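Asker: Before I ask anything, here is the structure I am working with.
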Amino acid sequence: MDIARSLRAEARRTNERRLLVLAGDPERTRERAATALDAADIPSAETTVVGPTAFLDCEHHEQSRAEELLGRTRTAVVLDAHGELRPDAVGRTVGAVDGGGLYVLLAPPLETWPEKRDGFDASLSVPPFGVDDVSGHFRRRFVETLRAHRGIAIVDADTDAVEQEGLTDPPPSRSVPAPTPPSDAWFRSETYAQCLTDDQRDAVQAFESLRDDGTAVVVEADRGRGKSSAAGLAAGNLAVAGKDVLVTAPQYRSAAEVFARAGNLLETLDIGFARDRASEPQRLDIAAAGRVRYAPPDEAAALPDDPDVVIVDEAAALPVRRLEQFLDAPAVAFTTTVHGYEGAGRGFSVRFRDRLVEGDHAVTDVSMTTPIRYGDADPVEVWAFRALLLDARPPVNQLIEDATPETVEYRRLSAADLLADKHLLREVFGLLVLAHYRTEPSDLARLLDAPNLTVRALTHEGHVVAVALLAQEGGLSADTRATMYEGGRVRGNMLPDVLSTQLRDEAAGIPVGQRVLRIATHAAVRSRGLGSKLLSETRAEFADRVDWLGVSYGATPELVRFWADSGYQTVHLATSRNATSGEYSVVMLDPCSDDGAALAARHSAWFQDRITAVLSDSLDDCDPDVVRAVLRATDSEPSLRLSEWEWRLVAGVPGGASVLDTNPKPFRELTRQHLSAPADPAALSAREERLLVRKVLQAQPWSAVAEGLGFVSERECMRTLGGIVERLTRLYGDLWVQEELDRHL
Ligand SMILES: CC(=O)SCCNC(=O)CCNC(=O)[C@H](O)C(C)(C)COP(=O)(O)OP(=O)(O)OC[C@H]1O[C@@H](n2cnc3c(N)ncnc32)[C@H](O)[C@@H]1OP(=O)(O)O
Ligand SMILES: Nc1ncnc2c1ncn2[C@@H]1O[C@H](COP(=O)(O)OP(=O)(O)OP(=O)(O)O)[C@@H](O)[C@H]1O
């Protein structure tokens, strides 16, 4: 295995990584991998195998557990892709390989690999499609990138023939000068002597602001730029200054670097400190000063012992709701990966950034571009970015800023169209990545290969300004429907699944629909009607062919209005929060045929029947503006049927003759009627409607309602509710009810 030896030698000389592809028979490639690592002089303690079998005596994970390598540094990672190639596993593991190390890929013979269907392909075969309907575009493109990029050796493991050497023969690299320390530093000067790049110095200096309350720092960087280390250097300093620093991250391992750097700094400063554990110090205590301690995100969110500073490492991997909880800390830092394991840490920016900026903290932003783990312009990083489109971008603003619904063209984009035009593919994927909380490399494979998916876009002068990803659902056989109804797992088909499994409607899988999986408009041209135009064009295209168009997403008031304006109606509001966005998901349908209309009508009616009971129970913490928007987006005419006695209860409240608590049911019915199908939409203000949601529908205590909605006292809040009930009684009650009302006023 001379090739492995020379690759490693070159990797070490340049402080870059090299990629070694061993293609052929599975067992043979595994044997050759062992020989290659031996020849390259990489000990098993510094190697991780990611794949189905632990064929080397070293750390091993399945591809589904590739996140174990996030934030870590290994000399070699062997990705065994014989059983399957999960694009996300490539994205998560490649960044962990150290400069001077090797990324080793074991694969079937490359000529036939794209035609083979593997475990990952099976996950893309959504009924009624089978695995043979999955195309091999992603892997064909992947193999092409292996052949086209520098720094990648390809060896036929069966014959040991070297197809491609992968040596780049670079000129000797220039030594990078050490960063100069800042002139006006607050942190101890030794800190800056430990920084390895100018970027890291600047990031550490940005952390200085955390000494004051009301501050926040956001560090964005690609992988291996030294952001955890920067956070560690800062944490050490803050602890020396007496601060209690709480560090959190999805896994301790990815935050370990924070503790390593903080500990190292304290040693350099010759400051005595105690570590709680020798092997995995999750806590550093400085006598009579501060400390740095770790807690997993769920514990850390409660801000145990009121820390002065919270550092959230790998923040993009946590849900937005979780991130928001850390904003209760006096000072807080978030470090996030921009491109990489999640495909797009930009998701962090999508939902959370706005909330951070709107909040009370003064925010300092820093980004780090110069790699530390490996040399600048590392060929394996360049390859991974291209192969997984981690650096995909939507078009620059200047190209599309004049787009309006009148200038754009509706495009049906097949996988072949996207592969034939790499700019188009980059723009489509880039737009999805930038607009959605978590778009991963596997989404690229899905976009190119999944038989049930369709891409539609609006282009302005050839550039993508809006994109929608649609999934075919429904049209299921009786067997598949029965499996689903009985709780068995059926891939894809999210809406039929929710409607049949949770809402007990076995026939929901019969009509055929297109679910809008994702939609995004370029940020520079939002709110001009482009998103609505894309939906109306999609409807025009599909209306004759499907029974319904549908969607499910984490509900925000603005999004619900956007979908409702395009004709989608609420049929379900989930009772648990979405794990990623932390929001409650809403399901909406836009029927296109009689069968679709029947499906939507019965689910709308059931929704109306059950929603008040759910809102006073598991949805009692749902944002009142979401509740208002979701109810307003229902289509069925709610029938307000109150008994005579119930009307008398209602009519007695404004004059103080009766109280809500005696029987909340009629008040809930009246509220539901008004929020879903108001006789006069302007009868109540937004605040008054929120009061109805909080008190009547969600049964919150008066004190919480009054405080949450800014009433000066509970009495004022009660009086306002009385006035609201009076107006609703006049709107919906018969003449005798109104007379009953007047008797008590
Ligand atoms: C399944 C899912 O993907 S759900 C998630 C949806 N996607 C995202 O959240 C990604 C980030 N967001 C976006 O990309 C966009 O904001 C989208 C896709 C939600 C909306 O796209 P846009 O092109 O802005 O939509 P559009 O302009 O048609 O409508 C949005 C707003 O503009 C208004 N609007 C509609 N038509 C016009 C018009 N002709 N002129 C001016 N304003 C208009 C609408 O009233 C709407 O306002 P509202 O939100 O207060 O109701
Ligand atoms: N100032 C430093 N001193 C010593 N080593 C450093 C320093 N900064 C970074 N490193 C080393 O460089 C590697 C990458 O650093 P670090 O883990 O901080 O980067 P990161 O951007 O958080 O990476 P990832 O995105 O993978 O989590 C680590 O092995 C770390 O030990």
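Even glycines carry a Cβ here, placed using N, Cα and C.
Bear in mind that TrEMBL entries carry predicted annotations, made automatically and left uncurated.
The domain 'TmcA/NAT10 N-terminal' annotation in TrEMBL covers 4-157. Among the features that TrEMBL reports, region 'Disordered' is placed at 159-185. Residues or ranges marked as compositional bias 'Pro residues' by TrEMBL: 169-182. For GLN200, ARG373, the entry in TrEMBL reads ATP binding site. Taken from TrEMBL, the feature domain 'TcmA/NAT10 helicase' applies to 218-391. The annotation domain 'N-acetyltransferase' is assigned in TrEMBL to 428-536. According to TrEMBL, the feature acetyl-CoA binding site maps to ILE519, ALA520, THR521, GLU558.
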Asker: Quick one: of the binding-site residues ARG373, ILE519, ALA520, THR521, GLU558, flag those whose CB is under 6 Å from ligand 2, and say none if nothing qualifies.
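Answerer: Among ARG373, ILE519, ALA520, THR521, GLU558, near ligand 2: ARG373.
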Asker: Identify, in sequence order, the residues in the chain of GLN200 (ATP binding site) that are 6 or more apart from it along the sequence and have a CB within less than 8 Å of its CB; answer 'none' if there are none.
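Answerer: PRO179, ARG225, GLY226, SER229, ALA230, MET368, ILE372 - these are the non-local Cβ neighbours of GLN200 (ATP binding site), listed in sequence order.
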Asker: Please report the Cα separation of THR521 (acetyl-CoA binding site) and ARG373 (ATP binding site) in Å, rounded to an integer.
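Answerer: Per the Cα atoms, THR521 (acetyl-CoA binding site) and ARG373 (ATP binding site) stand 36 Å apart.
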Asker: Out of ARG373, ILE519, give me whichever of these binding-site residues has the highest number of other Cβ atoms within 10 Å.
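Answerer: Of the binding-site residues ARG373, ILE519, the most buried by Cβ count within 10 Å is ILE519.
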Asker: Can you go through the binding-site residues GLN200, ILE519, ALA520, THR521 and pick out those with a C-beta less than 6 angstroms from ligand 1?
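Answerer: List returned for ligand 1: ILE519, ALA520, THR521.
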Asker: Between ARG373 (ATP binding site) and ALA520 (acetyl-CoA binding site), how many Å separate their Cα atoms?
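Answerer: ALA520 (acetyl-CoA binding site) has its Cα 34 Å from the Cα of ARG373 (ATP binding site).
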Asker: Name them in sequence order: residues not among ILE519, ALA520, THR521, GLU558 whose Cβ is within 8 Å of the mean position of the Cβ atoms defining the acetyl-CoA site.
Answerer: ALA435, ALA466, ARG526, GLY531, LEU559, PHE562
Asker: Among all protein chains shown, how many Cβ atoms are found within 10 Å of the Cβ of ALA520 (acetyl-CoA binding site), not counting that one?
Answerer: 26
Asker: Compile a sequence-ordered list of residues in the same chain as GLU558 (acetyl-CoA binding site), six or more apart from it, whose Cβ lies below 8 A from its Cβ; state 'none' when nothing qualifies.
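Answerer: Listed in sequence order: nothing, so none.
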Asker: Report, as a single number, how many Cβ atoms besides its own are within 10 Å of the Cβ of THR521 (acetyl-CoA binding site).
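Answerer: The answer is 25 other Cβ atoms.
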Asker: Please report the three-state DSSP label of ILE519 (acetyl-CoA binding site).
Answerer: strand
Asker: Where the record says ILE519, ALA520, THR521, GLU558 bind acetyl-CoA, what is the longest distance in Å from one Cα to another among those residues?
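Answerer: Answer in Å: the longest Cα-Cα distance is 14.
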